[in-house]
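These features come from TrEMBL:
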TRANSMEM  12-34  transmembrane segment
TRANSMEM  54-74  transmembrane segment
TRANSMEM  81-106  transmembrane segment
DISULFID  175-213  disulfide bond
DISULFID  176-193  disulfide bond
TRANSMEM  225-249  transmembrane segment
């Protein structure tokens, strides 16, 4: 059995894995809540680079799985599990670093995506259909994809799905239109009112939100990006510690095995 200072490493690794497992559960819950609370925004944006709930769910699953593997390896003092945990955690850390660099590089293009997607809404049934079409039929895909998008503001009174998505975005982010209320040619929807009630936008000089949804969504992303950055820094430090402890423990287990049998 592992003795001395390595015993301390063993239990520190166990504690680190417990934290990793808890963080994984938190990511899973956050992804589910984000999907439920901001479903309207996700429907309006419709860009796969902005599918934050899916990313959170994936990270949550990985962290939960890695935490379980590391926990089993530390408690059972299993060499294979401990090495597997260290390797997988190192790969995950490198992947997270690459994603962080990519997100920073795509910061400006994503601002353009927000503007474009708030002015355009994509039919979900067309997206599902496109995934099922054989990819070598490029001309057909381009034709369907071209016809699958329409101006969200122009389609607001004609599509219940578009109107529900826009109403949810404007009420949750306290905004009106893409850039401002003038984007709604004519009377804006009631969801633009600062004091919401039926028909509030039809009165003389209605109290409307002054900022557009582009600015509101950008503020929300920046605010949450700072929080996510702090969490990511903590997780990166935790992963580095986990890798070091796992390497020390696996080396000690292997040495103990060799001393016992050889």
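The backbone N, Cα and C atoms fix where each Cβ goes, and this holds for glycine too.
Feature map: annotations from TrEMBL on the structure.
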residue: 175; record: disulfide bond; CB count, 10 Å: 27
residue: 176; record: disulfide bond; CB count, 10 Å: 27
residue: 193; record: disulfide bond; CB count, 10 Å: 22
residue: 213; record: disulfide bond; CB count, 10 Å: 29
(message) Can you tell me whether DSSP puts residue 213 (disulfide bond) in helix, strand or coil?
(response) helix
(request) State the non-local partners of the transmembrane segment (81-106) in its own chain: residues 6+ outside its ends, Cβ under 8 Å from one of its Cβ atoms. (result) 17, 49, 62, 66, 69-70, 72-74, 232, 235-236, 239-240, 242-243, 246-247, 249-250, 253
(request) Between the Cα atoms of residue 213 (disulfide bond) and residue 176 (disulfide bond), find the distance and write it as a whole number of Å. (result) 6
(request) State the Cα to Cα distance, in Å, between residue 193 (disulfide bond) and residue 175 (disulfide bond), rounded to an integer. (result) 9
(request) Sort residue 193 (disulfide bond) into helix, strand or coil using the DSSP assignment. (result) strand
